[in-house]
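Here's the structure, in structure tokens; my notes come after.
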């Protein structure tokens, strides 16, 4: 990376113009687009958002900025095993469509964690789930903001602090001006730019390597395309089995339980449109996900005989793609600036989207229920959400600076992200499809799931695990024509040269289990075997533990006070529950329907029965209220949302 400042004027110019153009999206959305008049406009996007824009926004949120930079280097140095996480990702879409969305869509909720409050009548469960989401997203966004700063500093010399402050500052502007609609438009702009750059890299690489057939053959011959490894060893970093199972549970947690995705579903006009968007997104995500891996194939084909890392031209795995752009696109002034701007804006658009969701969750689940804020009008609620978003942006900026100062925090934060997905998914599965689940079981399951998985996660940092396997690299073909003149080192300008540098065990973004101050334990120690489990299984284990503990505790603590509206559980779950032996499950709405039917009966006996049942229902309701006050049900629960009666059942309103 040896370009001087004078030769990069076009790159700097393109970088600035592209960043300003992205910022203009928020300004345009605020002053020329549909006006946001209410909190719902801000949270769910004022005006219509096209299906295509929503699909691309969901795909961008799924892949993130690290996929653009990390997947090509993953294929170059580790091979295609991580590509098979696509299987679990694709399987998650129909499950979310037909299990999660039908329950969410008709409730009119602002925060997805309001659903848990309604289902379990528990402030504790709601706060556990939303708190998990907030902490995870803050750490994850700190990594997201910091990720492009490495490339920006290495390639075009922008200081770390300038990149972090720039991304955070523009994110605050978006947060104040734009809301969800601006975030979606930024996602679309950023997604199209990344696609264009990826296609340009593929074309350039294929031309230099002799065509796509040669690219494929070179990658295949050198072991970069090795699929369908069904090894069941849970300590192997990634196999087809762990990629399928682990990514399925991770994706279900992200698509089905994460505010920034559910927020997009609820912003659409109808449930049918949500289903169509998600199902159409399967081929979109497949193409976009695979695009990064094809980029990795062509970059490897170009450098297969002279690896830039081994020959000392780059210092980290993840620098291979910026190096390729600088090396092979030198004939196009500004292309490197566009590439760097796409990384900057990738972090920016994801930060904006998640700030919107984080602020909404924090307000609805932690701020709005405060007694001193009862009766706050809609306008003040809107500005409160924006203010919380600004605070979160500053916190994320601080976390990003911390990541830059403290080595190993990237790995730790990614481990936390993996570890918290399982318990979060588990509590939603209990709410959606386990009729007997109550607030006691849900709380116990989430807490126990977190404790066990975090114990395994951080315990894994105390044992010496075998390093992730790197594929063979070649420098036999290195010559003075291997790289362009502006890249080539002075000592390598002779007709032939022999590199003497060797690579170190660098980490890449997709490998969060790098050993940190590790010690060797006995090979047959069961605890060591447990700690050695790959992080790919953390979400699966966390979900299973949460559900099993929660289901068991719920079964033994079931009481009459656990009644809830039957529409809060999936219809399939209600039907399946009827086939199990034992006492049939009772729901609030069924009891009310029975009372209304008896009231309509004309017979005296029916009227007497109705009176008796109504009296019992009133007494039961009064008893439930007394139980709440005395702490028998759950003293921490207090409905903080306006309610309206629809067809005999009560639902929340925005």
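Placed from the backbone N, Cα and C atoms, the Cβ positions cover glycine too.
The transmembrane segment annotation in TrEMBL covers 12-31 (among others).
Per TrEMBL, the feature transmembrane segment maps to 90-116 (among others).
Look at TrEMBL and you will find 160-180 (among others) tagged as transmembrane segment.
Under the heading transmembrane segment, TrEMBL lists 192-216 (among others). Counting only same-chain residues 6+ beyond the ends of the transmembrane segment (192-216), those with a CB under 8 A from a CB of the stretch are 18, 56, 68, 225, 288, 291-292, 294-295, 297-299, 301-302, 321, 324-325, 328-329, 335, 338-339, 341-342, 345-346.
Look at TrEMBL and you will find 236-257 (among others) tagged as transmembrane segment.
Annotation comment: TrEMBL describes 278-303 (among others) as transmembrane segment.
Taken from TrEMBL, the feature transmembrane segment covers 329-348 (among others).
The feature transmembrane segment is assigned by TrEMBL to 383-403 (among others).
Among the features that TrEMBL reports, transmembrane segment is placed at 415-437 (among others).
Taken from TrEMBL, the feature transmembrane segment applies to 444-463 (among others).
According to TrEMBL, the transmembrane segment annotation covers 535-556 (among others).
Annotation comment: TrEMBL describes 588-654 as region 'Disordered'.
Here TrEMBL flags 603-621 as compositional bias 'Low complexity'.
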Short question: most Cβ pairs under 8 Å with the transmembrane segment (535-556), which of 90-116, 236-257, 329-348?
236-257
Among 160-180, 236-257, 278-303, 415-437, which stretch has the highest count of C-beta pairs below 8 Å with the transmembrane segment (90-116)?
236-257
Tally Cβ pairs under 8 Å between the transmembrane segment (236-257) and each listed stretch (160-180, 278-303, 415-437), then give the stretch with the top tally.
415-437
Intrachain residues whose Cβ lies under 8 Å of the transmembrane segment (415-437), provided they are six or more past its termini
99-100, 103, 115-116, 119-120, 125, 128-129, 132-133, 135-136, 139-140, 249-250, 252-254, 256-257, 445-446, 449-450, 453-454, 456-458, 460, 512-513, 535, 538-547, 550-551, 554-555, 558, 568-570, 572-574, 577, 585
